[in-house]
Amino acid sequence: MSRLVVVSNRIAPPDEHAASAGGLAVGILGALKAAGGLWFGWSGETGNEDQPLKKVKKGNITWASFNLSEQDLDEYYNKFSNAVLWPAFHYRLDLVQFQRPAWDGYLRVNALLADKLLPLLQDDDIIWIHDYHLLPFAHELRKRGVNNRIGFFLHIPFPTPEIFNALPTYDTLLEQLCDYDLLGFQTENDRLAFLDCLSNLTRVTTRSAKSHTACGKAFRTEVYPIGIEPKEIAKQAAGPLPPKLAQLKAELKNVQNIFSVERLDYSKGLPERFLAYEALLEKYPQHHGKIRYTQIAPTSRGDVQAYQDIRHQLENEAGRINGKYGQLGWTPLYYLNQHFDRKLLMKIFRYSDVGLVTPLRDGMNLVAKEYVAAQDPANPGVLVLSQFAGAANELTSALIVNPYDRDEVAAALDRALTMSLAERISRHAEMLDVIVKNDINHWQECFISDLKQIVPRSAESQQRDKVATFPKLA
């Protein structure tokens, strides 16, 4: 049986428990355990890139990690992946900071990683590449004679042509993506956006619904909405509360709790969310003294100016809202800029009456799914969810809102706070059914199954070389 080789920017080391490593690690480890294989990625450390790979083997899985030099980390990761691709793919061209040296570094590191992986590959390996850090990776492997089946999954949104084509190197990136055999996206909108971008660049021939030829390469596109481990989350949420949390729950027994958690990022719509909560307090004064909104937003990429700006903005807004609406004995908004243990968050989800998840743009947003999975089915909370989160395509029984419309979000919060138990149970059951069906294992099994069905390029190379491509005609 073919091995599975997984390549991602970071790897979850074997001594890190899967539950604490997050959803992606759970899915990848499940796929690797089923097939056996290799997980290849950055160690998270800087140092001499010429050092041998660090390898750890446990069971039928090998972890191979490498260091990056300070320059390569800065150019490949900070200045291109996170300062160009991340904002552009989240529709924030105003935050893109394109620099040619960073682009050169991005290509250089992808080539370097291909060189490091090449000696580890076997002829029948199936290769699965993850996320925007590694868009050119298949292209680099093909240049080195690798004809194995190579799949790619994009965890973040793919932008429309008006956005993507503004990147100075958009054409090169699109051509490089065609070197994958299978391109997986979170939503149908993302898949179609990629094909629209490609069609603007060159002629795309669609042989069947999702099989295409462009730039002289044949490839498939498909949608694979990533899932979670609902049973594990329910188990974590239902366990006994730590003493401090139990005390807090007792103190707030007569208060309805609105809860949000995500890392501090401009794509999450936190300033807009604070203003929507203010609109709730203004338009629905009957809730004064009876609700509390808690926002947990641990710092991420704190050295980037855009992230520093949003942190200061949120701190100012939280103080202003509390100063305007707070009363003796009641603070309407708690903003916590710190990290909390994931298991503890599942317990907080369970006793929260409303889960507020309103990103301005998100590939999927697993927090929305985790909130649903953590609820008590007999007395569940209500999910208020942005229409621009990939999860909105599946969790249609949530209260779907436009995060840019503060009045709509405020009205949804009021509805959630006053919703009957029967309606809450019905909505939760419908969403939980979807989450259980499309869990993390279903996600990885579908992707790997589809990738295995593709004929390796070594068997099709002569036929593909005969495919003519033409530029897009005006």
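A Cβ is built for glycine as well, from the same backbone N, Cα and C atoms used for every other residue.
Feature annotation from Swiss-Prot assigns D-glucose 6-phosphate binding site to Arg10, Tyr77, Asp131, Arg301. Annotated UDP-alpha-D-glucose binding site per Swiss-Prot: Gly22, Gly23, Arg263, Lys268, Phe340, Leu366, Val367, Ala368, Lys369, Glu370, in sequence order. According to Swiss-Prot, the site 'Involved in alpha anomer selectivity' annotation covers Trp86, Ile156, on the basis of similarity to another entry.
When Cβ atoms from all protein chains are considered, those within 10 Å of Trp86 (site 'Involved in alpha anomer selectivity') total 21, not counting its own. Taking only the Cα positions, the spacing between Phe340 (UDP-alpha-D-glucose binding site) and Tyr77 (D-glucose 6-phosphate binding site) is 25 angstrom. Close to the recorded D-glucose 6-phosphate site, the chain also has Asn9, Ser81, Asn82, His133: residues not among Arg10, Tyr77, Asp131, Arg301 whose Cβ is within 8 Å of the site's Cβ mean position. Restricting the recorded positions Trp86, Ile156, Arg263, Val367, Lys369 to those with a CA within 10 Å of the CA of Arg10 (D-glucose 6-phosphate binding site) leaves an empty set. Of all the recorded positions listed here (Trp86, Ile156, Arg263, Lys369), Arg263 has the Cα closest to the Cα of Arg301 (D-glucose 6-phosphate binding site). The sparsest Cβ neighbourhood within 10 Å, among the listed recorded positions (Ile156, Val367), is found at Ile156. Between the CA atoms of Tyr77 (D-glucose 6-phosphate binding site) and Trp86 (site 'Involved in alpha anomer selectivity') there is a gap of 10 Å, rounded to the nearest whole number. Residue with the densest Cβ environment among the binding-site residues Arg10, Arg263, Arg301, Lys369: Lys369, by other Cβ atoms within 10 Å. As a whole number, the greatest separation of Cα atoms within the D-glucose 6-phosphate-binding residue list Arg10, Tyr77, Asp131, Arg301 is 18 Å.
Residues within less than 8 Å, Cβ to Cβ, of Asp131 (D-glucose 6-phosphate binding site) and separated from it by at least 6 positions along the same chain comprise Ser8, Asn9, Phe153, Leu154, His155, Ile156.
Taking each of the binding-site residues Tyr77, Phe340 in turn and counting other Cβ atoms within 10 Å of its Cβ gives the largest count for Tyr77. In the three-state DSSP scheme, Arg263 (UDP-alpha-D-glucose binding site) falls into the coil class. In the three-state DSSP scheme, Arg10 (D-glucose 6-phosphate binding site) falls into the strand class. Secondary structure from DSSP puts Phe340 (UDP-alpha-D-glucose binding site) in coil.
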